Amino acid sequence: PAMASKVVAYILWLFGGWWGVHHVYLKRDKQAFLWWSTLGILGIGWFRDLWRIPDYVEQANLDWGTKKRNEKKKWESGEYMEHLKTSWNHQPQPYLFRSWGICRVLGQLLFGLIYHRVISQALTVVCTDEEHGLPAYGLSIPYAAWHCNLFGLAGLVAAIWMVGTTTVFMAPDFKKIVQGCLVGFVCTNNFHAGLLLGTLAGNWKRHWVQNPPEMPSFFRRMSRLSLAGAAYLVAWCLIIFFLEFDVTDATTGQGKTVRIRDALIHIYKSRFWEQAWGSFRESFEKGGWNGVLNALDVTGEREARRVLDVARDATMKEIKSAYRKLARQWHPDTNKDPGAKEKMEEINAAYRLLTDAYKNAENGEEPSGKPADENDGGNRGDARAKARSRARARARN
């Protein structure tokens with residue numbers, strides 16, 4: 001079989017890791033779905049994969065051996081069984097709180113909270129919305145909230161099980177997960193108790209996977225991921241379409257209920273969005289991504305020029321003159337205004353930033369805040385020559 005490569009895995013991790021692309025490549029489909037549905041837990045899990053990928057590649061490249069003809073559930077030989085025997089001799093029964101297991105248990109709790117919330121919230125808004133939900137069509141569901149939380153337990157069970165089976169060597173007890181979630185929820189009517197009890201019950205004594213299942217075909221893997229992803233997206237679409245939240249009306253100052261979908265439409269049509277999108281598009285058309293970065297003022301030079309009130313093409317002499325003028329005006333020894341000290345610190349920071357930028361220009365680098373030259377060759381050389389001549393002139397003075 002084709003061997004997984006660390007180089008390819010790291011490339012996919014870098015460019016598509018937030019969506020679990022590298023896990024699909026390494027045939028870790030459950031972990032790929034977990035990463036896709038939460039954007040790599042907002043980057044935390046994605047960052048952790050940085051040092052976990054070598055282990056994942058090693059597991060993906062294990063020779064699992066062949067099955068005997070008459071014993072379909074027994075593995076005859078292979079690196080998988082050798083690895084399993086070594087792990088078994090080291091610790092016959094993997095308990096919950098091993099040093100490496102804490103992250104997995106916390107992941108089960110976190111994903112359980114997310115999946116339960118998404119599923120139960122999506123079903124709740126559909127079952128209770130009297131304008132567009134099931135009640136609008138004459139379909140009344142008794143104890144809707146309780147049933148929605150009960151269905152949300154499926155999200156708890158799925159999250160605990162998927163996170164627990166991301167490794168090919170060990171797995172939690174699925175039956176105990178279901179039993180723990182049901183007992184915790186039914187006895188307390190609180191899904192947090194079900195989540196905690198289900199996690200503890202399923203992971204208290206994790207078992208070694210002695211009979212790993214055969215890897216399905218790529219088509220079946222993609223079909224499963226597509227169906228699970230479609231169901232998850234449907235749940236989010238229902239939340240966006242039905243769910244409401246409270247805001248304060250800017251005109252009357254009173255509370256008001258707004259649907260998420262209406263809020264998104266209003267934001268898209270707002271003047272703020274039009275100006276922001278127009279500014280982005282104009283900056284990108286002029287200078288590409290460099291133009292966007294300059295518009296965002298990532299170096300802070302534009303803000304520094306605003307503080308000192310100097311033009312974009314101001315010389316160092318003009319910057320010094322503006323700095324001295326503002327320093328005389330805002331120095332705390334002469335200005336007793338309560339905000340004079342903070343203003344002077346802002347002026348000093350702006351002056352230092354522009355001074356450093358011009359020092360870089362003297363060394364052959366242009367200040368990033370200045371407009372880029374169209375003729376990249378000759379004009380850049382002229383700028384460097386002008387910077388060197390200014391430096392010599394200051395040295396003579």
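Residue numbers in this text run from 1 along the chain shown.
Glycine too: its Cβ is placed from the backbone N, Cα and C atoms.
If you look up TrEMBL, you'll see 7-26 (among others) marked as transmembrane segment.
TrEMBL lists 32-51 (among others) with the feature transmembrane segment.
The transmembrane segment annotation in TrEMBL covers 150-171 (among others).
As annotated by TrEMBL, transmembrane segment applies to 177-204 (among others).
Here TrEMBL flags 225-243 (among others) as transmembrane segment. Tertiary proximity for the transmembrane segment (225-243) is limited to same-chain residues at least six positions away from its ends with a CB under 8 Å from its CB atoms, namely 24, 29, 32-33, 36-37, 118-119, 121-122, 125-126, 129, 132-133, 259-261, 264.
According to TrEMBL, the feature domain 'J' maps to 303-359.
Annotated region 'Disordered' per TrEMBL: 358-397, in sequence order.
Sequence annotations record features per position, and here TrEMBL assigns compositional bias 'Basic and acidic residues' to 367-385.
Here TrEMBL flags 386-397 as compositional bias 'Basic residues'.
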Which residues of the chain, 6 or more past the ends of the transmembrane segment (7-26), have a CB below 8 A from one of its CBs?
32-36, 39-40, 43, 46, 49-50, 53, 56-57, 59-60, 221, 225
For the domain 'J' (303-359), the mean pLDDT of the predicted model:
87
